[in-house]
Amino acid sequence: MCFLLLCLTLTLAGTGAVPTGPSIEIHSRIIGGWECDKHSQPWQALLTFTRKHNSVCGGVLVHSQWVLTAAHCIGDNYKVLLGLHDRSSEESTVQEARVSARFPHPLYNMTLLNLLLSHKMNLTFFYKTFLGADFSHDLMLLRLDQPVQLTDAVQVLDLPTQEPQVGSTCHVSGWGRTSQNYENSFVLPEKLQCVEFTLLSNNECSHAHMFKVTEAMLCAGHMEGGKDSCVGDSGGPLICDGVFQGIASWGSSPCGQQGRPGIYVKVFLYISWIQETIKAHS
């Protein structure tokens, strides 16, 4: 379920070596999934934008004029597509919008993100700077230039009314990367992909990743590996037992590794911020 990229594989300077531990991707991705039923995810948005290069993320329509995505999907020249299933065909259901304003969560560490995106670094600097780094609050609201028309293929997804439970059955969707093979990193699916897995305890993710896993995050995936979101899926929805609960945020690289589930923003904790931001800027 990935699309172009906002992918971060942390490469080191000098010899071109990489960290001895797993690389980090600040973008979730879809591995081990299947083609979603057409328009079964009518709230799904595809975002294309620029930030040094062309990039892609997912998003969620939470209001007729607002899309929720990940803060690390920040960029310029956004194009938002809704009602899309197959990127390779002209679909009459597609609505295209531009973004008139963007509102990343004020507590998201954009300085740390920019450092991660812009630097080639030696091993010592990498671990000193990013071991235990906190990428909480990875949310951003995008105001569209005009409201979209709600149809069978374009629908608003309701915010959660209660927290998810560990053990819930969840799925995530997107056009992000579908291969764990980095030689195929630019081979992205034309059709919207879905993958299903389980909501795990945060302790399981805390032991699996070098970034900090906080109470503002959700841990989801298969401990056996092989099923995951991937590069290009970031910002897309995590739906657990039929309820919108998370936004795809980050995970290990390559995607879908055994013992390394993905990390999602816990949307329930941000309902007030989402509602207040929309009310203040509509």
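Just so it is clear, glycine is given a Cβ too, placed from its N, Cα and C backbone atoms.
What you are looking at is a predicted structure, and each value in this text was computed from that prediction instead of being measured.
Features reported for this protein in Swiss-Prot:
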SIGNAL    1-17  signal peptide
DOMAIN    30-279  domain 'Peptidase S1'
DISULFID  Cys36-Cys194  disulfide bond
DISULFID  Cys57-Cys73  disulfide bond
ACT_SITE  His72  active site, charge relay system
CARBOHYD  Ser100  O-linked glycosylation site
CARBOHYD  Asn109  N-linked glycosylation site
CARBOHYD  Asn122  N-linked glycosylation site
ACT_SITE  Asp138  active site, charge relay system
DISULFID  Cys170-Cys240  disulfide bond
DISULFID  Cys205-Cys219  disulfide bond
DISULFID  Cys230-Cys255  disulfide bond
ACT_SITE  Ser234  active site, charge relay system
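Where Swiss-Prot records a feature, it is marked here on the structure.
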residue: Cys36; record: disulfide bond; Cβ neighbours (10 Å): 19
residue: Cys73; record: disulfide bond; Cβ neighbours (10 Å): 28
residue: Ser100; record: O-linked glycosylation site; Cβ neighbours (10 Å): 13
residue: Asn109; record: N-linked glycosylation site; Cβ neighbours (10 Å): 17
residue: Asp138; record: active site, charge relay system; Cβ neighbours (10 Å): 27
residue: Cys170; record: disulfide bond; Cβ neighbours (10 Å): 24
residue: Cys194; record: disulfide bond; Cβ neighbours (10 Å): 19
residue: Cys205; record: disulfide bond; Cβ neighbours (10 Å): 23
residue: Cys219; record: disulfide bond; Cβ neighbours (10 Å): 24
residue: Ser234; record: active site, charge relay system; Cβ neighbours (10 Å): 37
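Mean pLDDT across the domain 'Peptidase S1' (30-279) comes to 85 in this model. Candidate recorded positions: Cys57, Cys73, Asn109. Nearest to Cys170 (disulfide bond) by Cα distance: Cys57. For the disulfide-bonded residues Cys57, Cys240, the ranking by surrounding Cβ atoms (within 10 Å, all protein chains) places Cys57 first. Comparing CA positions across the recorded positions Cys57, Asp138, Cys205, Cys219, Cys240, the one lying closest to His72 (active site, charge relay system) turns out to be Asp138. Checked against Cys57 (disulfide bond) by C-alpha proximity, the recorded positions Ser100, Asp138, Cys219, Cys240 yield Asp138 as the nearest. With a 10 A radius on its CB, His72 (active site, charge relay system) counts 27 other CB atoms from all the protein chains. The two recorded residues, Cys194 (disulfide bond) and Asp138 (active site, charge relay system), have Cα atoms 22 Å apart. Cys36 (disulfide bond) and Cys205 (disulfide bond) have their C-alpha atoms 27 Å apart, to the nearest angstrom. In terms of C-alpha distance, the listed recorded positions Cys73, Asp138, Cys205, Ser234 place Asp138 closest to Asn109 (N-linked glycosylation site).
Nearest by CA distance to Cys240 (disulfide bond), out of the recorded positions Ser100, Asp138, Cys205, Cys219, Ser234, is Cys219. Calculated from their C-alpha atoms, the gap between Cys205 (disulfide bond) and Asp138 (active site, charge relay system) amounts to 17 Å.
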